[in-house]
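K.L.:
My structure is below; once you've seen it, I'll send some questions.
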Amino acid sequence: AESLHSCIGLLGISAGSLLLAVHFYSSPRAAPLIPSTALGALLLIVSALLAYAGIRRSLRNASLLVSLCLTLSALWSGYGVILILAGQGALPGPGDAREALVPGLATFTLALLLVAVVGFLCGEPLLALVAAAVSLASAHEVALHYSSSLGPSAVACSHLMVCLVGGYFALGRIIYFLTKGKVALPGTDLAEKKAQEQGRGIAGSTNPFAAPGLLLNMLSASVFCCRFLGVTHRLFLGHVPWLWAASTYQIGICVLSYRAMDVLMATAFGFTSILKFAGGYCLLYPTWQPEEPSFPTPFLVVFSILFAVLALFLSLQSPVDGLYLLVFVTYCIALACSPRGFFAGGPQGVAVAIFVASALVALIHLYNVRARAKIPTGKGVVKALLARSSLLKLREGPDLHAPYLGYSKYADAEVLTYACSVLASFALTATGDPQAPLATVVIPWVVVGGGILKLLGGSVAFARGKTLESSAFILYSVMWIIWGLTRYGGLCGTARSFHAVVGIVSFMLFNSFIVFCSLFLNMAWFFYSLTFTLIAVSFLLDAIHALPTGYDIAATLIFGLVSFYCFLAALSSSTFEGCCLPMGGPMVQLSGVRAGMTKCLHLPARKASSVKRIADILRNGGTCGIPTDTVYVLVAACNRPDAVEKAHRSKRQAQDRPMSLWISSLKQLEPAKHLFTPLLWDFMEAAWPSPISLVIPRGEWVDFLGMKDSAKYVGTPQSVAIRIPDCSVTTHLIDLVGPIVVTSANPTGEADTTHHNQVYAKLGNKVDAVLCGGPSPENIASTVVDCTKIDSGNIGFFRVGIIPKSQV
């Protein structure tokens, strides 16, 4: 799979460069070979392919190819949209295409040059050559727009160089496959590269997406830098594709940063994506209105506070990144102090600082992902200072982002969702001009910030098993989106009707259910959901023309302050051990609700260290729920009678459903082989490993497994069910512990458990740990075969499970 995604990435880059080479070679002609609209559409397709390759490649290990693919994908998506606009006549002026293209091309010239430098320094000559060639092509194209003496052939030659590198790579891979790996051209042996990457490790930067995200900050800043420095003469529609491409990609990088378990950088990218959407909206607005849009000043002050708090916490993880975020604090303050917003010189001057800072920090991240010797970011100094403090201790370790129920591929996104609630609530304080509802830049703050990003956070919460929290986040995001689009889409004045009232009442009914459920969660969530009801009430009163003066402002301020406290509490709990800012306990405690939270460990089955911890628990007399080749089971070590008895009690085991015995190999029965008939032994060899349990006569062979007093709980006085499971995790655990006693992980008489969450729900307070493997591969239990009379030529079936009779 890694080979496939690397090939897709490099060949996709070559395809895009070939399209641009053909375009520039034919541009002096009256009719180019590829029209602008068609070229733009093709570049969008290639950019989507590159994004896929970069994301899929990064899910396995960090590589410079990730940054190269994602950066080029963002470049060609913005470039493609501008070409489509030009082809459709949306950029009619003689210099409009140049004004639109130059900021993005200048940014990617520097960004790809940084990638190329790091590639040469870290032993990636092929990728470095590709990045350098595209950087040179972008620089030539910028020069071409300002000087006709440099012909388009120079740009085409640089793109052709990329095509040649891609052709060399394709030839190398073809030779490699034809010779079955015996012949590999230099730089094309991906197996060797994989070994180098695994040996090098990624200890310096666990988030390979931070560098592309920082490069996208350069892109948005360059649009305003070029205007400030006089490179471009105005801000207009042609710059919107760059800003919105950067914002869209940054939302994607925000999600991927959660996948990389980097909560703070993911939150930072979520914040900056909102600023980019707002900037694009401001540039788009003058296309239908002559005046520039106004900014809600209180909101920007609040945004600067959120950035400052995030910078403080991020500086504990990486002081360099924390100091970098302070530039955005300055940017928000500059926007708040400038009535013209993005069009004013103050924010544009700060954008220059953002551009320079983003380039420097991106270079550090790019280098630290690949190099053995890391550029220091100050993390060690912070850890040394905090080590002297008895009050504050940073949360670290492999289980830092582990959820309570099972494991998740994503870190917790609650910090971002609470922040979006703060942004949306304070955006509501700007009432705006009812005659020109779109003149206030609230759609980006409310719809994008409060809606789309909260929806993203709700999806991540759902992936982490937080059913109530995810339901609330998704409900609130829908409310923000509908409200933002109706009120600031000019529909608010006409929407005050019976139908609007019914819709708002429906939201209030849903939210009342969330308020009730939050009583069993914690106090902070109760007040968070309750204060949102105040906002829904203000919408309802407004719909029936009964809104008291100032009520809506008071309601939004209360909700904003509660959300801000939750934001601080979530930040502190994800950064420090212990509870710095308490969320409070459940206001109503029921027997069995969230029972055993601190007693039962949850360990991901994909980690060998987790299996080792389960083995230690079993050796010490514990009972555990584990995944198998069929459904989840409850196990105890054979040589611990106390544990077997505990499992028997916790299951309320019925006499007609005795516990069974599992081994990992027939070698464990070799000392007792003489006690089995040849036919039975041959049948066991043929049947296992598989989901087939064999009920065999009880005999002296049981004593060879060291069962001692456990034997009375296993099987019946006449027979014992035994099996070797067809599951590597289970057999590895048995290798570590020895034979285990097994029963299904559910109270007797109930349905089989097919997910680790069900094990928690049914037995969570009665077992010591659960090995979490997600959904079971099968929803049907094993087949149980009666082999007590096999020597007379007869077998029977106590239960026909996943394996049919005919196969047995």
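Any Cβ shown, glycine's included, is placed from N, Cα and C.
Automated prediction, rather than curation, is the source of TrEMBL annotations.
According to TrEMBL, the protein has these features:
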type	residues	note
DOMAIN	608-803	domain 'YrdC-like'
TRANSMEM	32-52	transmembrane segment
TRANSMEM	64-88	transmembrane segment
TRANSMEM	100-121	transmembrane segment
TRANSMEM	126-147	transmembrane segment
TRANSMEM	209-230	transmembrane segment
TRANSMEM	298-316	transmembrane segment
TRANSMEM	323-343	transmembrane segment
TRANSMEM	349-369	transmembrane segment
TRANSMEM	438-456	transmembrane segment
TRANSMEM	468-486	transmembrane segment
TRANSMEM	498-521	transmembrane segment
TRANSMEM	526-547	transmembrane segment
K.L.:
May I ask for the residues of the chain that lie six or more residues beyond the transmembrane segment (468-486) and have a Cβ under 8 Å from a Cβ within it?
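P.N.:
Long-range Cβ neighbours of the transmembrane segment (468-486): 414, 417, 421, 424, 442-443, 446-447, 450-452, 454-455, 457-459, 461-462, 492, 495, 503, 507, 510-511, 514, 517-518, 521, 525, 529, 532, 536, 539.
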K.L.:
Any idea what the model's mean pLDDT is for the domain 'YrdC-like' (608-803)?
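P.N.:
Computed over the domain 'YrdC-like' (608-803), the mean pLDDT is 84 on the 0 to 100 scale.
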K.L.:
Between the stretches 298-316, 349-369, 526-547, which wins on the count of C-beta pairs under 8 angstroms to the transmembrane segment (100-121)?
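P.N.:
So the stretch in question is 349-369.
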K.L.:
In the same chain, who gets a Cβ under 8 Å from the transmembrane segment (32-52) while lying at least 6 residues past its ends?
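P.N.:
For the transmembrane segment (32-52), the far contacts come to 8-9, 12-13, 15-16, 19-20, 22-23, 26, 69-70, 72-77, 79-84, 86-88, 249, 252.
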K.L.:
With Cβ-Cβ distances below 8 Å as the criterion, list the same-chain residues six or more beyond the ends of the transmembrane segment (126-147) that contact it, or say none.
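P.N.:
Same-chain contacts beyond the ends: 10, 13, 17, 20, 24, 64-65, 68, 72, 75, 98, 101-102, 105-106, 108-113, 115-120, 154-155, 158-159, 161-162, 165-166, 169, 187-188.
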K.L.:
Output the single range from 323-343, 349-369, 526-547 maximising the number of Cβ pairs under 8 Å to the transmembrane segment (64-88).
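P.N.:
The listed stretch sharing the most Cβ pairs with the transmembrane segment (64-88) is 349-369.
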